[in-house]
């Protein structure tokens, strides 16, 4: 009969000891942080108390910590846990890691600690009163304290209740007030001065969304693929084989920024709203989008005019502004994973409501010079394979009459010249590419490669002549985003004929119509663990825009 010691030896022989203890230290650091800032949930209070009580502060080396009927064996040694370390912090964090890592995935052994949730509370009874900041007593000092959690669980962490039944979804505020729609939520957040921390996109009234559902835990190849660049860690898992993605430089944003690309004035309008930029008539930035903007920081369909967010020169209060979404960056929890077909893809770790912003498509902006004839292939150079451009999208500029005059109130044409994402290469190709350093390749070489790819991009569409003519006479050249060597998590998004994401052109760092940000939004509710996909040939956009894809 196998003894407990034998079981323990087998357990530790099958896991990464350093990785497990790194995760455990992050759990302890997170608990310490929430306790010090009075943002801990009831469950976290109990967890922290049991850890300290059961460890007996180094009087025994191995103790059992009870967590929800599960026994977790924790080895506590003197240099790792002492009264001084508990008082001053566990250990200094690596400077290259952001504070968002404190809330990162805690792996297999500590997964039930990372997914802490408040115990179900008794029904809240409402007593008539005028709401104030005292109605949300457990509100953290800053929204950053909620990073790393499921965004839709943020109200629950602040002791709200979400009641879902056949009649719909109702939120119960800590003071007992019922909130049955987004307008009531926004009014309550403004009344209680909590809108700076709990914004409207943290609430969901969709009955298809379960805020407690999350993807099953899996061994992590890397806790944060962005290595601290993203506000929320991007996990990397592979349960199929031992492969890792091709080496690339993670970029949180596109490069160069719009301020370095545009030769025109950066911003055509600015606003100084005091109402959160919710009025399309009074907010100049929302009016620039022809009055169609976010609905409580969500976007459910594509806006052909592009979407103009409030910029750095606007006088509106950023924490209250409802017209700043994309510029906040990644907020949802994503996971890059290996598919059974040995391809890389991305899935959401939590349920997502329709219209949720996911991330932008980051990469390096390159330019295709327009010329009458294509550059010839150099002798001795391999031809560019179609596989090197796995997914390309080009948006045709809407035709305009010669009498049309461009004003500040008019909206620029939607223009996404080319989006290029990396393709899966053969093992031999990967070995060849790994011999070259990313930093050693100059911008001239990249542009040269882009020029060689240009004929293949254009020839896949029958509208090549008219499209090229339009672009040549409207802009100096065609620009495209290259994420083959530098990009973000969006480079792993896959194509689907039935996508759950759509693309929206958003202007944040410039109003130049040539340089929008390419943002991804959910087009319907998405369950936790679902692969995130997008398409350049979906039916709805085909009705309004001419596009072509090359696969």
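Cβ from N, Cα, C; glycine included.
What Swiss-Prot says about this protein:
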| type | residues | note |
| --- | --- | --- |
| BINDING | 271, 285, 310, 314 | Zn(2+) 2 binding site |
| BINDING | 271, 273, 277, 283 | Zn(2+) 1 binding site |
| BINDING | 277, 310, 316, 321 | Zn(2+) 3 binding site |
| BINDING | 342, 343, 344, 491, 494, 495 | S-adenosyl-L-methionine binding site |
| DOMAIN | 146-210 | domain 'MBD' |
| DOMAIN | 269-329 | domain 'Pre-SET' |
| DOMAIN | 332-537 | domain 'SET' |
| REGION | 426-447 | region 'Disordered' |
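Sequence features, as recorded in Swiss-Prot, placed on the structure.
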{"residue": "271", "record": "Zn(2+) 2 binding site", "Cβ contacts under 8 Å, 6 or more apart": "277, 283, 284, 285, 286, 310, 314, 315, 316"}
{"residue": "321", "record": "Zn(2+) 3 binding site", "Cβ contacts under 8 Å, 6 or more apart": "273, 276, 277, 310, 314"}
{"residue": "494", "record": "S-adenosyl-L-methionine binding site", "Cβ contacts under 8 Å, 6 or more apart": "343, 345, 346, 531, 533"}
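A 10 Å cutoff on Cβ-Cβ distances gives residue 310 (Zn(2+) 2 binding site) a total of 27 other Cβ atoms nearby, all chains included. With helix defined as DSSP H, G or I and strand as E or B, the domain 'MBD' (146-210) counts 21 helix, 12 strand, 32 coil. Sorted by the number of other CB atoms within 10 A, the binding-site residues 342, 491, 495 start with 342, the lowest.
Counting other CB atoms no more than 10 Å from each candidate's CB, the binding-site residues 277, 343 peak at 277. Mapped onto three states, the DSSP output places residue 277 (Zn(2+) 1 binding site) in coil. Among the listed binding-site residues, namely 285, 314, the Cβ with the most fellow Cβ atoms inside 10 Å is that of 285. Take the mean position of the Cβ atoms of 271, 285, 310, 314, the recorded Zn(2+) 2 site; other residues of that chain with a Cβ within 8 Å of it are 269, 270, 272, 273, 277, 283, 284, 286, 309, 311, 315, 316, 321, 323.
Mapped onto three states, the DSSP output places residue 342 (S-adenosyl-L-methionine binding site) in coil. A Cβ within 8 Å of the Cβ centre of 277, 310, 316, 321, the residues given for Zn(2+) 3, is found for these other residues of the same chain: 271, 273, 276, 283, 285, 314, 317, 318, 320, 322, 323, 324. The Cβ of residue 316 (Zn(2+) 3 binding site) has 22 neighbouring Cβ atoms from other residues within 10 Å, across all protein chains displayed. This prediction places the mean pLDDT of the domain 'MBD' (146-210) at 92. Of all the binding-site residues given, namely 273, 283, the one with the smallest number of surrounding CB atoms inside 10 A is 273.
Secondary structure at residue 491 (S-adenosyl-L-methionine binding site), taken from DSSP and collapsed to helix, strand or coil, is helix.
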